[in-house]
Amino acid sequence: MAEASRILQTTLIPTFSQNPSRYTLKAYSHHYNPPSISKRSSLFNRIRCSVSTASAGGDSATATTVPWGCDVESLENASDLQDWLSKCGLPPQKMGIQRVDVGERGLVALKNIRKGEKLLFVPPSLFITADSEWSCREAGEVLKQYNVPDWPLLATYLISEAGLRNSSRWSNYISALPRQPYSLLYWTRAELDSYLEASEIRQRAIERINDVIGTYNDLRDRIFSKYPDLFPDEVFNMESFKWSFGILFSRLVRLPSMDGRVALVPWADMLNHSCEVETFLDYDKSSQGVVFTTDRAYQPGEQVFISYGKKSNGELLLSYGFVPREGTNPRDSVELSLSLKKSDKCYKEKLEALKKHGLSASQRFPIQITGWPVELMAYAYLAVSPPSMKNRFDEMAAAASNKTTSKKDIVYREIEEEALQFILDTCETSISKYSKFLQASGSMDLDMTNPKLLNRKLFLKQLAVDLCTSERRILFRAQYILRRRLRDIRSGELRALRLFDGIRKLFN
Ligand SMILES: C[S@@+](CC[C@H](N)C(=O)[O-])C[C@H]1O[C@@H](n2cnc3c(N)ncnc32)[C@H](O)[C@@H]1O
């Protein structure tokens with residue numbers, strides 16, 4: 001299982017938790033007020049709902065979906081879920097599952113809810129964790145023998161229980177899960193390439209899809225193939241793993257008060273995300289259940305939200321399959337990829353220094369509307385520094401890494417202008433890619449004749465347009481700041497030059 005554990009511990013990121021950026025932000029503005037949340041257009045919602053009935057897996061309209069779960073907008077199984085949860089110890093709730101404008105199904109206040117109130121109280125007997133009992137006990141024992149890490153273990157557990165249908169104790173929960181979770185895992189390579197070409201999220205999605213495929217292949221080769229009776233191919237296949245990882249990415253909760261344990265928490269996972277809300281799910285030791293504390297009051301009929309963490313629009317699209325409306329996410333960021341120039345005389349030495357600090361010749365940095373990380377500037381210094389600064393390469397590479405504790409806010413006045421120009425050039429190249437996509441998007445896929453496929457394409461394209469618009473907006477802001485800084489440096493230099501010239505003339 002070495003391969004699966006390496007893959008899954010390094011790449012698959014847990015969801016729902018507060019996830020503060022590991023980068024040190026260099027802020028450049030304090031005047032960003034996100035507008036309030038507003039409803040998506042009804043057309044978009046209609047398209048979105050019908051997408052779950054269309055195909056998703058392959059490039060054609062014939063890809064299969066798993067034979068369990070329900071349509072994402074369906075309330076068909078919601079009341080069975082509620083009844084079953086009550087019987088299993090969920091206390092009476094002030095919220096009920098309903099159709100909603102944001103997120104299709106969600107939890108809606110049935111009574112007045114005060115600000116600062118604790119809600120939910122889902123007991124641990126209703127969590128699915130890596131320690132949950134398997135209905136097929138032998139299958140669970142085999143996975144434990146192989147020390148399968150939490151994520152692939154939970155993914156396999158979910159499939160094992162889903163495959164048992166009504167014989168599983170989780171059948172009511174699984175029947176209410178979406179048959180096709182919204183996630184970039186369900187985008188084909190062609191869709192990622194055409195709609196997300198400008199965004200670095202495309203690469204993140206490809207890496208994630210490859211991780212899931214690699215993990216499934218690894219489990220199949222090492223374990224499933226040796227126990228075909230316990231893990232039949234009809235149930236444990238690529239399609240079911242894509243589904244279970246899609247469910248984990250969009251519903252798994254990290255519980256800080258349980259030492260960061262990850263769990264699927266039925267009922268709590270019916271809550272949708274709002275960028276305006278600060279509150280998140282956690283285990284409450286005093287009431288011994290998963291709760292959240294409201295940070296605002298709700299009236300009957302209002303949808304109740306939590307925060308899935310401080311995530312960018314791209315990260316929300318990657319794991320949850322939605323993009324908040326432009327300008328509503330104060331945590332939004334865009335990744336800018338900086339690269340060493342192959343023609344650099346010191347390419348080898350610079351790469352060595354980067355590798356020493358866990359970085360590579362091409363590195364992605366998050367830029368926010370409020371600033372960029374100091375690590376990005378350090379990387380830019382390294383990229384533009386001349387051979388005469390060889391003895392500083394290590395210091396620059398260390399400062400460019402978010403894994404080291406070395407001094408970050410380094411300044412090399414002699415190459416500051418070049419470094420800023422380098423970032424500006426990269427930023428402008430990126431902006432032009434976004435603009436190209438946004439301009440072309442209007443006329444894309446107009447020749448599509450299959451209505452199901454057309455619906456799907458329209459839906460994905462709209463998500464991509466929303467993402468690209470929000471990412472380009474951040475880049476425009478960075479471009480403005482960079483141009484202004486460069487202008488200041490250049491006019492300062494000009495002034496110093498004139499002064500120097502004047503003094504020289506005086507002496508002459
Ligand atoms: C934890 S589940 C929440 C319950 C989900 N709505 C359901 O019906 O099963 C997360 C999923 O809800 C949807 N969702 C959550 N917050 C959303 C939002 N602000 N806008 C659009 N969809 C959202 C996305 O499809 C996401 O993958």
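Any Cβ shown, glycine's included, is placed from N, Cα and C.
Unlike curated records, TrEMBL annotations are generated automatically.
Substrate binding, as stated in TrEMBL, involves ASP269, TYR283, TYR308, TYR320; the candidate among ARG222, ARG251, ARG364 given for that site is ARG251.
A mean pLDDT of 97 is what the model gives for the domain 'SET' (93-309).
TYR308 (substrate binding site) and ASN272 (S-adenosyl-L-methionine binding site) are 8 Å apart (CA-CA, integer value). In this structure, ASP269 (substrate binding site) is part of a helix by DSSP.
HIS273 (S-adenosyl-L-methionine binding site) and TYR308 (substrate binding site) are 6 Å apart (CA-CA, integer value). Cβ-based neighbour count (10 Å, all protein chains) for TYR320 (substrate binding site) stands at 23. With respect to ligand 1, the binding-site residues ASP269, ASN272, TYR283, TYR308 contribute ASP269, ASN272 as residues with a C-beta closer than 6 angstroms to one of its atoms, given in sequence order.
In this structure the alpha carbons, written CA, of HIS273 (S-adenosyl-L-methionine binding site) and TYR320 (substrate binding site) are 10 Å apart.
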